[in-house]
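Presented below is the structure to which this report refers.
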């Protein structure tokens with residue numbers, strides 16, 4: 001009991017539970033706010049009332065989503081102090097003010113202008129309103145930026161020295177622009193865009209399928225498709241880049257993700273396993289099916305490039321292989337599925353199917369778009385599992401172990417707060433789905449079509 | 001530059017103090033309004049009361065997030081130790097904040113708004129009491145040795161912190177009533193005048209007791225108050241706070257609309273400065289062994305300096321757009337303003 005559910009394990013589970021639920025909301029906040037800026041600009045430019053109706057409709061969903069995102073995120077910030085006090089003290093010199101900047105630059109901007117955006121339609125000029133919406137969008141993206149800078153730094157902590165249990169910054173720029181940062185920031189930001197595109201596209205597809213305001217939602221559907229043409233392949237490229245960065249800076253993480261135990265001997269390439277049964281106890285795979293030379297090719301861009309095996313790292317420095325191996329494959333698989341869906345849709349567009357009369361009959365295409373909504377969220381969640389479990393057993397990579405970073409509080413106390421979160425957050429999720437469903441079923445108030 | 005460099009922790013203490021005060025005054029009013037909504041006569045009135053904070057509660061609450069982040073950045077040791085020592089009240093506050101925040105939004109979309117407005121009120125009450133107990137726990141002293149909290153996880157639960165929690169509750173109710181006096185008219189306003197009067201009397205009594213108990217606990221406070229000329233600098237703040245109390249009662253009697261809220265802000269401001277100066281240089285008081293000082297709790301000089309540069313640009317920007325927004329939404333609250341629909 002003590003070893004299984006000590007304060008460290010419980011604090012980790014608590015952080016994982018709150019983080020996995022919390023992140024569901026901000027991704028949509030970041031992407032949907034950009035979509036709202038686009039719709040509002042189109043309205044101001046064309047004067048077409050339907051764009052205004054789009055703004056009003058998606059804003060309802062946005063507001064519900066935003067509010068839950070904000071309040072569910074408050075525990076994230078405070079848990080660093082309550083449950084990860086030694087980490088806060090050790091890494092606070094850098095990590096702390098990143099969170100501070102996030103709040104001051106991004107969060108405040110977002111929250112203040114949200115009021116103007118939602119309540120201010122009749123109180124400010126149209127241009128000022130567009131400005132407010134843009135500030136909400138800017139705030140969302142800036143907030144993602146700072147959080148990802150902070151998280152990347154935990155993956156690849158550079159820019160200082162670790163002395164007497166505390167990280168002392170020597171170069172702030174090196175810490176901000178740590179090796180993982182460009183990939184962490186871009187991959188997550190584009191993930192926000194991609195999830196939001198599929199939410200807009202998927203919900204529009206649902207209305208079109210039901211033949212409710214088909215022409216109206218064809219507008220948003222087409223915008224989602226056009227944006228997805230850029231975003232879906234871009235995300236695959238960024239994922240590839242992140243993988244190469246992990247290979248260079250977190251080799252144990254890469255080996256674990258790939259269930260790659262033995263360093264491939266010179267002249268022989270490492271395979272990319274598609275499916276495997278990793279056995280960490282015996283440090284091998286019980287069985288595996290893979291593409292020969294695939295891994296070497298992917299991360300070293302040569303047929304036989306050497307890739308360090310996990311066995312080269314002591315057992316105490318290895319992350320758990322099985323969850324990483326599968327979480328990563330679910331994420332990548334969905335990334336490609338979404339890409340194929342986009343190609344399929346383009347093909348349908350070329351055949352002239354994207355009209356209010358013909359699109360409702362293309363049922364499988366529309367079903368796929370609806371199905372893509374949960375899938376895109378799943379890809380984002382499994383991506384985070386890969387990123388965070390892959391960092392284990394470190395909280396600050398190669399500097400501070402997770403097991404040394406949790407606050408010494410009685411397990412019963414952490415257990416109680418964990419239990420409360422474990423009831424509260426799923427309940428929030430269910431209520432959110434219920435109210436979102438009500439907004440969706442009610443539909444938009446439209447001036448036309 | 002030299003003077004600034006050696007006093008960076010003090011400068012940051014002042015900035016953090018500003019964030020804390022802004023939060024306590026703005027969101028304190030929101031929380032008070034939430035608690036007062038429990039006493040509303042019907043759902044329409046409850047809607048009006050909640051509507052008075054509809055467009056501002058998000059940003060007011062964000063000051064807490066800002067406070068947390070900046071405190072973490074400038075005083076990592078304080079952040080880590082304080083939050084872990086006060087684990088239970090902080091977590092209760094968080095649960096309350098989550099509960100309260102979603103209730104506000106769910107109410108908008110629900111067919112049973114009464115259920116969610118009650119949840120909003122109860123959530124506000126939980127947040128208020130948790131903050132009171134956390135403050136009481138800190139003022140009562142925390143046993144910190146070598147940067148680690150050594151006390152009990154329930155150490156904050158004592159008669160002194162109960163008194164502080166009650167004080168915070170009365171204080172927020174007073175703020176909430178004064179805010180409603182400013183933002184509403186008619187029967188709600190009339191009732192708020194009376195509530196504010198009663199809550200102010202209670203707050204006055206409790207804050208005198210809290211000041212006395214705190215002074216009795218920490219001999220350095222008494223020492224400062226009895227050494228000249230230091231005593232002048234410190235004693236001036238309780239005197240100013242008392243003056244604000246007098247002005248508050250006067251303005252309530254004269255049925256002023258904005259003055260009570262301003263006097264109230266003055267009370268909080270001056271009591272806070274007085275207490276902090278009394279505690280200085282300690283940041284985490286300790287009745288068992290030595291306290292954690294402001295300098296010991298602070299981040300490195302480089303970080304503080306960098307944060308100061310960034311904040312000196314950001315804070316004015318924040319204050320400008322916050323002020324602009326308050327101008328957009330000035331005036332009395334109406335039923336329409338609440339719903340967010342076309343007015």
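A Cβ is built for glycine as well, from the same backbone N, Cα and C atoms used for every other residue.
The model shown is predicted, which means the values in this text are computed figures rather than measured ones.
Marked as transmembrane segment by TrEMBL: B:12-41 (among others). Residues 49-50, 52-53, 56-57, 60-61, 63-64, 66-67, 70-71, 74-75, 100, 117-118, 120-125, 127-128, 169, 171-180, 188, 192, 195, 261, 264-265, 268-269, 272-273, 276, 280, 283, 294, 298, 304, 307-308, 311, 315 of the same chain lie 6 or more positions beyond the ends of the transmembrane segment (B:12-41) yet place their CB under 8 Å from a CB of it.
Same-chain residues lying 6 or more positions outside the transmembrane segment (B:85-103) and placing a CB less than 8 Å from one of its CB atoms are 34, 61, 64, 116-117, 119-120, 122-127, 129-131, 133-134, 137-138, 142, 144, 149, 151, 153-157. Positions annotated as transmembrane segment by TrEMBL: B:85-103 (among others).
Beyond the ends of the transmembrane segment (B:115-136), by six or more residues, the same chain brings 30-35, 37-38, 43, 46-47, 50, 86, 89-90, 92-93, 95-97, 99-101, 103-104, 106-107, 156-158, 160-169, 172 to within a C-beta distance below 8 angstroms of the stretch. What TrEMBL lists as transmembrane segment is B:115-136 (among others).
According to TrEMBL, the feature transmembrane segment maps to B:156-175 (among others).
The transmembrane segment annotation in TrEMBL covers B:196-216 (among others).
Among the features that TrEMBL reports, transmembrane segment is placed at B:231-252 (among others).
According to TrEMBL, the transmembrane segment annotation covers B:259-280 (among others). Using a Cβ-Cβ cut-off under 8 Å and counting only residues 6 or more beyond its ends in the same chain, the transmembrane segment (B:259-280) has close neighbours at 13, 17, 20-21, 24-25, 28-29, 139, 171, 174-175, 178-179, 181-182, 196, 200, 203, 207, 211, 214-215, 218, 220-221, 224-225, 233-234, 237-238, 240-241, 244-245, 247-248, 251-252, 294.
Per TrEMBL, transmembrane segment is recorded for B:306-324 (among others).
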Range from B:156-175, B:231-252, B:306-324 with most C-beta pairs under 8 A to the transmembrane segment (B:196-216): B:156-175
